[in-house]
Amino acid sequence: MPGIVVFRRRWSVGSDDLVLPAIFLFLLHTTWFVILSVVLFGLVYNPHEACSLNLVDHGRGYLGILLSCMIAEMAIIWLSMRGGILYTEPRDSMQYVLYVRLAILVIEFIYAIVGIVWLTQYYTSCNDLTAKNVTLGMVVCNWVVILSVCITVLCVFDPTGRTFVKLRATKRRQRNLRTYNLRHRLEEGQATSWSRRLKVFLCCTRTKDSQSDAYSEIAYLFAEFFRDLDIVPSDIIAGLVLLRQRQRAKRNAVLDEANNDILAFLSGMPVTRNTKYLDLKNSQEMLRYKEVCYYMLFALAAYGWPMYLMRKPACGLCQLARSCSCCLCPARPRFAPGVTIEEDNCCGCNAIAIRRHFLDENMTAVDIVYTSCHDAVYETPFYVAVDHDKKKVVISIRGTLSPKDALTDLTGDAERLPVEGHHGTWLGHKGMVLSAEYIKKKLEQEMVLSQAFGRDLGRGTKHYGLIVVGHSLGAGTAAILSFLLRPQYPTLKCFAYSPPGGLLSEDAMEYSKEFVTAVVLGKDLVPRIGLSQLEGFRRQLLDVLQRSTKPKWRIIVGATKCIPKSELPEEVEVTTLASTRLWTHPSDLTIALSASTPLYPPGRIIHVVHNHPAEQCCCCEQEEPTYFAIWGDNKAFNEVIISPAMLHEHLPYVVMEGLNKVLENYNKGKTALLSAAKVMVSPTEVDLTPELIFQQQPLPTGPPMPTGLALELPTADHRNSSVRSKSQSEMSLEGFSEGRLLSPVVAAAARQDPVELLLLSTQERLAAELQARRAPLATMESLSDTESLYSFDSRRSSGFRSIRGSPSLHAVLERDEGHLFYIDPAIPEENPSLSSRTELLAADSLSKHSQDTQPLEAALGSGGVTPERPPSAAANDEEEEVGGGGGGPASRGELALHNGRLGDSPSPQVLEFAEFIDSLFNLDSKSSSFQDLYCMVVPESPTSDYAEGPKSPSQQEILLRAQFEPNLVPKPPRLFAGSADPSSGISLSPSFPLSSSGELMDLTPTGLSSQECLAADKIRTSTPTGHGASPAKQDELVISAR
């Protein structure tokens, strides 16, 4: 709430902040009230002892004081828990209760003095031990309470509180001139107050001119940021809790919407179809990513001995102590003669820690050339090393580790980059621009780079490349230093880890993408804060505080992990509150900082995100997240994402662990992901053994009206689907009625191989899925890592699940169960070395061989009735045999086996589907977009290989409505393929991290109008012999892969 006004002065504490202090004092005074009551009325005192009589009189008076304190504190607790953060009317009487409590405190002070007098007179002479101990306890307790109150008053004292109250009163009287004067006095007073706080914060440091300037700039920045802002520190804490809940609610609402392209949120960032994952299957991309991980070690080493001991608290101290030579120890040579160390401590701990860091990582080919431990405002420590393995000279700059570094961080105004030819157009963070200029000047004065490139001419150090790295403050300084050094070193590269968000202007940011690679981990706070980002954060914080109706203590308590409770009001309530309470502080939401140039993070950003499991209670063990690497947009880091990890994920060793986990997930999940992908498209997997067992199914009694083909999978859990790898393939044909003629559809289907029937039957399942259900939406963060593989298949698939036994499809199959024939192939042994194309081609040839070597009567089994073929179908076969059929083998009855494999040419349907699977899972190292993979069209050819009756109006209406009604078609799965395996950290493609199943349901690809989607698509013409076209071909829905 706004600061409470007591004694006509504003204080930096709210009336709703007194709940916990009042509860603490109430419990303390209640305890003493009980103890003193027992001592006074439960014990018998000697009437001849003067000390005992004085104790009784003093105790009775103190009982009355304790009772008054308890009543006043109960009133404070009751009032503090009323109202909301900015709804202060129920707490208006708080100041009068405080007046009463302060009066009681004065009486307590007097009684504490009396207690000290009693102790000095009777403590040694009094024989009553109980009286002495009780009096001593009361006096100590009184003085502790009095000192606590005095310290609290000093902490919450606002030097500008009197001016603030006058300014608010003058605003109400609309005196413009006096308002301007009071506002100016208020800003000056706040700047002076902030400057005093900074000096107290850095009380042990020597003040220089540059440091004094930094004090002034930062003080005015804070004064401008908090000017006219009547909130207290606890309000900011409650606002962060509310803002986090609002952000999570917005993300869930976006995922629940049907008309958007956002598929999921990873680490708070939206994942769309255009999200680009790092293609770690590409050798060049993998080398580049490993290079990023490698140079993170140099950035980590720049922090010296504090970070070394933080990473290795047990043995790190012993390893440093063995190499250290303190000023009291005899000097001994510790470094090579060519190493320069500037302003290290007497033991040389920083330089030794840097060297030990590389030795522990087995990087013995790294030589340290220069180490500067000089630390001041705008002067950041750094070191220069030569890496003979990589043939690079590395400049590593330390991040924020001292209060002086914090002053450099906070000096965030825009400053022109001192680069020739770009005066005024390239801007950067002022503190880091000055730090980069200092390092460049130091390198030139000490000729450090000349020493590094001439370190060992025999190894060719003269031709080594230059690398600049840094983390946090060092990352921003390294990026700007790269601008300054690039004219002399055109091949320079820079790796900036967790760089600040307000670093470069837009023009400079675009240019930095040529040589700067930045890394951001998860919800890191630093890459998302700059002056422009803080303005938006300030407005959001004030807005969420105004909309809240709950007491502050409930909001803060509800933020604990084990008591999740959303305190956001409902939307209807929010609108009414916003309109009725806006007058309370009309200027707060309209106040903005001085016009600041938007600044962005540098370079090409690798954003390491993770699919975090669902939060569990504090008593449950949390699952490990799965990490992925995507290419981030510099302008997307414009909002602070409130999270408990926003500070933790900025630590340098945490960033290094995140980078390494991406590689670990990739290495562990590379084989498992391909196996899982094959299980998802199991209709294309047919056992490669030459034996195919046809089993006769029970014949239906009803009239045969075949409507399609279904793949029958076991109803067990998908987790056990790969167990069937060694079983034999079994196919069953069903739907041939005894004593009846087969329809032309069944006759045509009997002449086709089972694989082609499986592929072409997908169209009917898709139509059934469109009618039966809509794909559910789900957030990524709601899925655990262990179930992400199966969620990818069973919960998210919309296309292939239709031919794998989805619940909605089973309802369709049960209605027409008597008119279907089933194929139940076993899943073959999962061999990652076999691509889907190899399996498809072999399976296609195998199925042709089985059909041609065995007549249909044998397939139906003994005792079965051979159906008569319609005259139209027989005529088509004769025409195909005469016409040659377009490139098929010369004889259908002759199939050659070469090296144990079938040598027949596969059908175009299988070839096309194989290319579709290969491009989908990137088995041939191809990269294409989702829009180029799928297209669902309605052919205009009047004939079809499978004659069907004209489509019903309802089916045609579904196809047409699907082009214009997005809600009719389930959205693509809100999951990326990288989580298909719990330990997998890779995506199936750099451009589409999604499964193919969900995308098949998208009837309107981006960039195609509904008319184009309904345009004609010619049926394939190059069919093998024996697969001719039927003259009665109708329009049907087919799937084609471009």
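Even glycines carry a Cβ here, placed using N, Cα and C.
What Swiss-Prot records as phosphoserine, among S216, S234, S596, S808, is residue S808.
In Swiss-Prot, the annotation phosphoserine falls on S782, out of S93, S283, S532, S782. With respect to the membrane, D57 and Y96 are recorded by Swiss-Prot on different sides. Residue-level annotations in Swiss-Prot identify, among N133, N720, N133 as N-linked glycosylation site.
When the recorded positions N133, S472 are compared by the number of other CB atoms within 10 angstroms of each CB, N133 has the fewest. Taking the C-alpha positions, the distance from D524 (active site, charge relay system) to S472 (active site, charge relay system) comes to 11 Å. D524 (active site, charge relay system) has a Cβ environment of 31 other Cβ atoms inside 10 Å. S472 (active site, charge relay system) sits 57 Å from N133 (N-linked glycosylation site), taking the CA atoms of both as reference points. Just going by CB pairs under 8 A, the stretch in 61-81, 102-122, 137-157 that sits most against the transmembrane segment (23-43) is 61-81. Secondary structure from DSSP puts D524 (active site, charge relay system) in coil.
The DSSP secondary structure for N133 (N-linked glycosylation site) is helix.
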